[in-house]
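> Before we start, here is the structure in question, set down as structure tokens.
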Amino acid sequence: MKRLLSGIKPSGDLNIGGYGGALRQYVNLQHDYEAYFFVPDFHAVTVYQDPRKLHQRTRDIAALYIASGIDPRKATIFLQSQVPAHAELGWLLETQAHFGELKRMTQFKEKSDGKDTVSSALFTYPVLMAADVLLYQATHVPVGDDQKQHLELTRDVAERFNNRFGSTFIIPEPIIQDIGSRVMGLDDPSKKMSKSNPNKNSCVHMMDSPEDIRRKFSKAVTDSEGEVRHDWEQKPAVSNLIEIYSVFSEEDISIIEKRYDGQGYGTFKKELAEVVIEKLLPIQEKFHQIVDSSELDRILIDGAQRAAQTASGTLLAAKKAMGFVTF
Ligand code: ATP
Ligand code: MG
């Protein structure tokens, strides 16, 4: 059976970018794979997180997985920090990753840009990500476009390890969709919509109220042409909005273009907001039912046990291959 692993960091309030690039794919793919969805809380702390907020957001992300339609009876849902093998394999793989290749990671460049100090964990975090994926022998990893480079690093490190120590890890493939894999900021279509972006009008959060969603889309930048046409080169802002529409309505781009032909941006943006609201309302409702429930605790405890079983087998194989004494 093909196996899938992916996760969303509890580093901020989840926005519709993470939904388009990741969460929506999780929901669609869970039936065709043996699926593991985890909350990478160790990754979140590569940048300072207020402990109380981290605690709440970790539950929030897990609850959003379920509220969005991931079935915990089918998929394994767990917290990274509950499975110690991640940190252990992360360390072993750091001995195989090269300083030079980590220095080339564009996410590190972007996230460290302009900061006086950055944690060394921010620099090495792609290696921990490699450990996350390889521990489960995942064949496929659904990600947004921004994670493509990190997944290539995962493949390189796995191949290097296999060549040196014997075949241990499955080499994973990314799954990146055509539409929705790079949702850009509503204020600036050259920057991706991100949890860590301080400009609150740049992104729509999964838990935003209908009024906030309407206001944010009405303020979203467009261009002076007035034509609803998908063309990333000429019309990046409008193309971004069309893709968001397509993600939430699950309609083809061409249908959307036809519907709004000659209608101008005002109508399009208004109806876009309603399409997003309609999808988010039931997710928000379910979220509130489960986020503080003991059912969520049970799902996460059970998930961590199942995950640890798979992970410990791979970790043992990797340690043996490297020559560690194991009993
Ligand atoms: P941070 O700014 O802290 O990195 P983030 O919003 O990028 O947060 P992540 O947890 O890093 O969220 O990413 C979770 C998943 O969502 C990844 O697969 C990532 O590729 C995808 N993703 C994040 N932002 C977007 C976006 N704007 N468009 C499409 N996919 C995205
Ligand atoms: Mg990110």
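Cβ atoms are placed via backbone N, Cα and C, with glycine included.
TrEMBL entries are annotated by machine, without manual review.
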> Looking at the ATP binding annotation from TrEMBL, with K9, P10, S11, G144, D145, D146, K192, M193, S194, K195, S196 already listed, which candidate in V133, V183 is the matching residue?
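Given K9, P10, S11, G144, D145, D146, K192, M193, S194, K195, S196 bind ATP in TrEMBL, the matching entry from V133, V183 is V183.
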> Which residues does S11 (ATP binding site) neighbour through Cβ under 8 Å, counting only same-chain ones at least six apart?
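Same-chain residues close to S11 (ATP binding site) (Cβ under 8 Å, separated by 6 or more) are H43, A44, V47, Q49, R57, K195, S196.
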> At the level of the C-alpha atoms, what whole-angstrom distance separates D132 (L-tryptophan binding site) and M193 (ATP binding site)?
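Just about 24 Å between their Cα atoms.
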> Can you list which of the binding-site residues K9, S11, D132, V183, M193, K195 have their Cβ under 6 Å from some atom of ligand 1?
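By the Cβ criterion, which requires under 6 Å to ligand 1, the hits are K9, S11, V183, M193, K195.
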> If you skip the near sequence neighbours and keep only those at least six away, which residues in the chain come within under 8 angstroms of D145 (ATP binding site), Cβ to Cβ?
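Set apart from D145 (ATP binding site) by at least 6 residues yet with Cβ under 8 Å, we have G21, I176, S181, R182.
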> DSSP secondary structure for D145 (ATP binding site), reduced to helix/strand/coil, please.
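In three-state terms, D145 (ATP binding site) counts as helix.
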> With the cut-off set at 10 Å between Cβ atoms, which of these binding-site residues ends up with the most neighbours? Options: K9, K195.
K9
